Every structure is written in C-alpha cells, then in structure tokens.
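See structure below.
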Amino acid sequence: MKKQFNILKYTVVVLFILPLIISWLPWTWFSGIFSEELRDADYIRILFNSVKELSITLVSTMIFAMLISYILGFLSVLSLKVGRFFSNILNAIESIPSILIALFCYAPVSGALAKSSGNTSAFLSLAVFVLASTATVLPEAVRSISIPLSDLYHQKYSVSFRSYGFAKGRILSVLMKTALMKDTLKRVVAGILLKTLVLDTSFGFVIQVGLGATGTPQHTSPGALIALYRRTLLGFDGTPSMFWIPSVILIALSTAFLIVLGDKKEEA
C-alpha cells in the first residue's frame, strides 16, 4: 500500500511540474486548447515564454546555489573559525527580506538593463536574479547541510576513522556520501527551488505593479503576468483566465516542491 501511495505521489509531482517541460515545446502545438480571445491577444506565446524563463531561472539558481551551499556547508564543519565567519554573514543576510535583496541587486544594473540589447539584457537580468536568489537561500541551505554533517562527524562510529589517523577533510568527504547526507542534499534542492519560485513570483509582481513597461521587461515571470492581468478579474482588458492560468501553474509547482520536501523529511 505504501509503495502504491509513493507511486501516486510521484505521479502527481511529475504532472504538477509538467508545465516547465511543456513550455519548451512549440506553443502552436497547444493553441487549439485555448480560446480564440487568448490566441488573438498573443497570450499563449507570452505565457509559454514566461514559464520557459521560469524554468531557466529555477535550474540556474538550483545549480549555482547548491554548489555554493555544498562548499560552505563542508567548510563550516571542516573549520570552526570559517563556520563562525560565514554564519555571521549568512545571519545578517537572512535578516533582510528576500524581495529587498533582489531589488538592491537590480538597482546598480538597471541602467545597463535598459540600454543593452535584448539577449544581453536578458542574460544580465538572469545573472543578477540568480545571484540575488542564491543569497536568499544560502543561510538555510548551508545550515541544512552543516548541521547533519557535524552530527555525523561527532557520532561514535566516526571515532574509528579518527583513530586510524584519517584527516578531518577525508572523513567529511566519506560522510557526505552517506544515505543521510544524500537525502539531506535532496531536501536542500527542494527548498532552494521552492524559495526561488516564491522570490521569482513576488519580484515579478512587484516590478510589474510598480514600474509596468518601464521596469525590467526581460523578467517576464508568471508573477509579472499575474500582476499584468489582475484587472481582468474586474472585467477590464481581457478574460479572467489570463490571470488564473499562471496562478494555477504557480500553485501546482509550489505544491510539487512541497510534496517532495515533505516526502524527504518523512524518509530522513
């Protein structure tokens, strides 16, 4: 029964993240399932490009943030001085709301974004957002790696490694390959994806509401689409489905990441 439940659970997760995969297919393949009003407004193309950009943002942030988190988490246990140093920095970062970090990161390059060509501006916008998002997820990610790794190192069976003269770095390398740490890393990945999704949505919404077309058009996230088409709920400028489609996609993705995150915690 438990095996069948797990199969059902993972099937739901795959279905919920399917929009990220479908967005890479030609949008014309799916134009038939949308109403004529959405096709005439070029909404389908905009929606597909938005979800595609979201998938690039999620994968890029996950890879970069996971690499930094792995290194910092390892070094924090390897050297207590290094651990305390990074802990103070990460605690200071964690005290700042993530949306403010993103806005602060974009402020110095806003002029360059406006003056650059489309591809250059899009790449620069992505790079800045990945850096901002990484800064917001690092505190929890590093803690999630360093705490269980430190606990493993101080458990009884690791004493045998030290008794044979293994260096601390070598012992930690072995411990990082254990089932517990592999499961921990999977939970960290799920947490990074969920936090990045939340920041991407809120940042896109704030930029669209505050600046509209004069903001960063390269950051056309689903959150920006929700802000752009929120007036349709009041019967203005289109149909309410323009608002609800990206909303449902974001809810599905968030639920998928939460299912994975909760499942990993349950197994750990």
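The backbone N, Cα and C atoms fix where each Cβ goes, glycine too.
Here is what TrEMBL says about this protein:
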| type | residues | note |
| --- | --- | --- |
| TRANSMEM | 12-34 | transmembrane segment |
| TRANSMEM | 54-77 | transmembrane segment |
| TRANSMEM | 89-109 | transmembrane segment |
| TRANSMEM | 121-138 | transmembrane segment |
| TRANSMEM | 188-211 | transmembrane segment |
| TRANSMEM | 243-262 | transmembrane segment |
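Counting Cβ pairs under 8 Å to the transmembrane segment (89-109), the top-ranked stretch among 12-34, 54-77, 121-138, 188-211 is 121-138. For the transmembrane segment (121-138), the most Cβ-contacting stretch among 12-34, 54-77, 188-211, 243-262 is 54-77 (pairs under 8 Å). Comparing 12-34, 188-211, 243-262 for CB pairs under 8 angstroms to the transmembrane segment (54-77), the maximum falls on 188-211.
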